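Trainee: One structure, pasted below without further comment.
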Amino acid sequence: MNGLPARRLLLVHAHPDDESINNGVTMAKYAAEGAHVALVTCTLGEEGEVIPPGLAHLAADRDDTLGAHRVGELAAAMAELGVSDHRFLGGAGRFRDSGMMGLPQNTRPGAFWGADLDEAAAYLVEVIRELRPQVLVTYDPDGGYGHPDHIKAHQVAMRAAELAAEKAYRRDLGEPHAIAKIYWNRVPRSVVEEGFARLRAAGEQVPFPGVGSPGDVPGVVPDERITAEIGDEGDDEAGSGGSGAYVAAKAAAMRAHATQIAVDGPFFALSNDLAQPLFAREYYELVVGDPGAAAGERERDLFAGVGV
Ligand SMILES: [Zn+2]
């Protein structure tokens, strides 16, 4: 083996900030517990909108320097989560943010959306064969909400997992490795509805111009689809407290993505200024591998059943 910890978790995301919003608690928890946590981000998020007026000049339609700035935000977020292994697919700048679906940026040369699937996947195969993770976390086939880079990240992650295990495939990229468990990021509908009810109840105390709706949350599914749930020990089911160390780390990591996210207490907003609940617990659907919990029960550990 390569001297890495026994438990190894790999997360694949589209843009800097997606990892903190979706998996901040999970990443902080496993890093604190001594597992190897590795993040592969597929683009620099060059097409993101910029929230702080003082940084508006970074945007793609002005200086087009947002990507480099977000590399720094991601590094700061990873420091908050205690994660030291974070990489960009194919190296920083190899693939560019494709913008929202239907925009001309989708077909711009170098855009991730237009990348050859197997060529992009090969970069990830090399990471998988190096780190040999037991657990992979990525998006569902819709990318959670239809953003081209999120859809593509899903496709690349699933394809790379398949290729990494194939004995005959590219031995120059390392020894074959089969990932034991693959999860998609999910949010149970009841948790989303409860979160927005809490937001509405907070009324004028919510420090954002508007309040979003459950439709703004990616990856929402009926509760019975959820197979795993990760949170701070002692947090209540609804996760409304935000009191635990991992939730605090998640909020700090989200705050580090200052061009993209405004955080205030248990709420946050993206560039649309619509408040959303900051979820203290994170939820997953196991799509490859055997569940480590009894039928009908949720796993409380993504490594459950993998024998490490
Ligand atoms: Zn994203």
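In case you wondered, yes, glycine gets a Cβ from its N, Cα and C as well.
From a predicted model like this one, the values you see are computed outputs, not experimental measurements.
Among the features that TrEMBL reports, Zn(2+) binding site is placed at His15, Asp18, His150.
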Trainee: Which residues does His15 (Zn(2+) binding site) neighbour through Cβ under 8 Å, counting only same-chain ones at least six apart?
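Mentor: Correct list: Thr41, Cys42, Thr43, Leu44, Gly45, Gly48, Arg70, Asp97, Asp149.
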Trainee: Show which residues of the chain containing Asp18 (Zn(2+) binding site), separated from it by at least 6 in sequence, have their CB under 8 Å from its CB.
Mentor: Thr41, His150
Trainee: Going by DSSP, is Asp18 (Zn(2+) binding site) sitting in a helix, a strand, or coil?
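Mentor: Helix, per DSSP.
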Trainee: Among all protein chains shown, how many Cβ atoms are found within 10 Å of the Cβ of His150 (Zn(2+) binding site), not counting that one?
Mentor: 27
Trainee: Can you name every residue in this chain, apart from His15, Asp18, His150, with its Cβ inside 8 Å of the center of the Cβ atoms of the recorded Zn(2+) site?
Mentor: His13, Ala14, Asp17, Cys42, Thr43, Gly45, Tyr139, Gly143, His147, Asp149, Ala153
